[in-house]
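Asks: Structure provided below as structure tokens; questions to follow.
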Amino acid sequence: GFFQSYAVEVDIKDASNSTCLYADWMMRFLIKYESNNGDYKTTTLNLSSSVTHNGSVCGNDTQAALVAVQFGEGHSWSINITKNNETYQGNFITLTYNTNDTAVFPDAKRKGPVTVLVRDPLPPVQLNTVFVCHNSFVIEAENAAQIFWNITMQAFVQNGTVSKKESRCPADTPTSAPTVSPTIANVTTASTTTLSPAPTTAPKPVENPDTGNYSLKSGNKTCFLATVGLQLNVSQDKPLLININPKTTVADGACGNTTATLKLNDGNSTLIGF
């Protein structure tokens, strides 16, 4: 189904009231948590309509810049950004979600804030260049999948004006057409795959996918077993078939008393959940 999500815009000013850091992006989170009866469930945490950015700072040559946002019932997200002589780059992303929020975690066994810390995987960006990423990408760590898209961000803005020079994320290469908001059905997410120009000759038929054996263990016992070949049929401007390669796909997940979750990550930002 479709989930409501709001864009975040943060415009940080320096002492002279000039923009020193600008960011505009969309994000949502898939979080796995333990319920009161011992099962593991996956819930979706979206941004609310009211987001604050208390604690955000410009940064300088010796101090990291910080984008910090707070939303909902005690949830927050932040990224610190450092620079050297030529580039700036995100260092750590911190997500704190509050399982006391019964609208999102109605039956969580563990109550209170949970913090997830992960390194920013994106490459450095040249100074006086704005980072742009329309297509969605996923960062996974500690039972949380963080999904980002429609990003425009520049740290250490010079002369108070956001640059018109862009640095594109790998997901936007070679095309840069914006994507619509990702959809989530249960715990399934899939990255948007960019389309190459139409070939001048007939495309080579896609072969059947290789069969993979994926399993999860609970202690020493196998609790989830799947033997399956997977092919994605992406409907955009034209159909696009993608085979999931078992040799490069990693299985993760968890088994509960009455539910089990299997997540397959093919290493190319495609995440499939069962």
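Quick reminder: no glycine exception, Cβ is built from N, Cα and C everywhere.
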Asks: Which of these links to Cys133 by a disulfide bond in TrEMBL: Cys58, Cys169?
Replies: Cys169
Asks: Could you break down the residues of the domain 'Lysosome-associated membrane glycoprotein 2-like luminal' (209-271) into DSSP helix, strand and coil, giving a count for each?
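Replies: Tallied per class, the domain 'Lysosome-associated membrane glycoprotein 2-like luminal' (209-271) gives 3 helix, 40 strand, 20 coil.
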